[in-house]
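*Asks:* I am attaching a structure below and will ask some questions about it afterwards.
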C-alpha cells in the first residue's frame, strides 16, 4: 500500500498553527474529503469536536471545504468521539468527522474520519483523499454548494443511546459516583447519563474554557478524582479523557482501576451470562495479571500491537467482541463500533448491579503484577535489539521469571528509544531485571 503523507494511525494530529494542523489544510482537507465522499451515498457529513478553543476554527474550515465540494454538513458542536460514530450511523451520513486530539493538551488538535457505519474510514479512501489534496481547490457551481445545518438534539440522542446500554431491570439508585469529564467533550453528557440512571453524581472536570482540557484532570491524570472519591466517601469514580473514548475508574478506597481490570470485569460478566464470544484481546502492554486471571476462568486471551486500531483489527480477525488497552480504550463490539468511555463505565456498573458487588469485589480475583518500564535512548542506525548481549540478558531474565513473569522489548515509533518492560511477582526483583536489560541495551547502542 502506498505510504500516507497526511493520515496517521488515528487521523491527522499535531500542534495548532504548525505542521499539518492549520486552517488552510483543514479547508483543503474538507474539500478533498468532499470530492471523494460525493461519488456515492447521501452526500451528507456530520462534524463533531471536543472543547479545544481551536475547534471552532477547524470546524468552520472543514465546513467551508465540504460545502465547496457540494456536500451537506450537519454540525453537532462539542460531542464525544463515540457520539460522532453513533450519530453518523443513525443519520446514515456518508461520513463523520471528529475534531479532537484526544488526551493531548489544548494546544494540539486533530482531525479523523468515520465511515458511514461508524467505523474507521477505509485506508483506501484515506489514500484517495490524500490524492485529492494534491489538486487545486475548485469550488462547485453555486446551485450545487452544500448546505449547513445543526443537529439540535444531538446531546439528547446520545444520552438516550448510552442509557439504553444499561439493563432496564436495574438502576444506579443508592450509588454515589464521582465523574471526571477532563473539561472535555463529555462535560454535558456523562454526568447526565449517570444521574438519569439514578446515581448521585459529583462532577469534576466539567467546566471547559477552551484551554483546560486534560489539564490535571481526566483519565490521564487520576490524582484529583482519587482525592475526590475519598473526600466524598463515594462508591466509585469514573474518569474520561478529552474526547470520551477512554476510561479509567477508581474504587471506594481511592485505588485506580485501569483498562486491564475493566476488561476482566466485562469478560467475567459476559461469561457468567453465557454471552461471551471467544475471548479477550489485549495488547503487548496488557498486564500479565489479566492473562493469568482469564486463564483461570478458561477465557482465551490474545495480544495485539499497542493501539486501539490494532485491538479492533484482531477482534475482527478472531470474531471476538471484547478488547482494549490498559490505558482505558475499551471496545465491546456488542455495544458500539469504537471505544466509548461512558458505555464502558455503564457496562461495569451493570455488572456491579447484576452481581450485587462492589468494584473492589469484582476485581479481587485479578492480581495485577508489578510492571516496570525503562526507556533507553540510542543513537544512530544500529538496532540494539539485534545485539547478542541484549539477547543473552533477555534470556537470562526470562529464565529467572518463569511463567509468572514477562519481558517485552520494543522500539518507540516516535523517538529513538528502546522500551524495556518487565513484569513479575516481586517489584524489587522486576526493577533489577529491567535495569539489567536496560544496561545491556545501553552498552549495545
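Every residue gets a Cβ built from N, Cα and C, even glycine.
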*Asks:* Out of 102, 115, 119, 387, which does Swiss-Prot tie to the same Mg(2+) site as 241, 243, 245?
*Replies:* 102
*Asks:* Can you tell me the CA-to-CA distance separating residue 241 (Mg(2+) binding site) and residue 102 (active site, phosphoserine intermediate), as a whole number of Å?
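*Replies:* With distance taken Cα to Cα, residue 102 (active site, phosphoserine intermediate) is 7 Å from residue 241 (Mg(2+) binding site).
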*Asks:* Distance between residue 245 (Mg(2+) binding site) and residue 102 (active site, phosphoserine intermediate) at the Cα atoms, whole Å?
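*Replies:* Taking the Cα atoms only, residue 245 (Mg(2+) binding site) lies 8 Å from residue 102 (active site, phosphoserine intermediate).
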*Asks:* Relative to the Cβ of residue 243 (Mg(2+) binding site), which residues of the same chain, six or more apart in sequence, are found under 8 Å away?
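*Replies:* Correct list: 50, 80, 81, 98, 100, 102, 103, 184, 185.
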*Asks:* Pick out which of the binding-site residues 241, 245 has the most other Cβ atoms within 10 Å of its own Cβ.
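*Replies:* Selected residue: 241.
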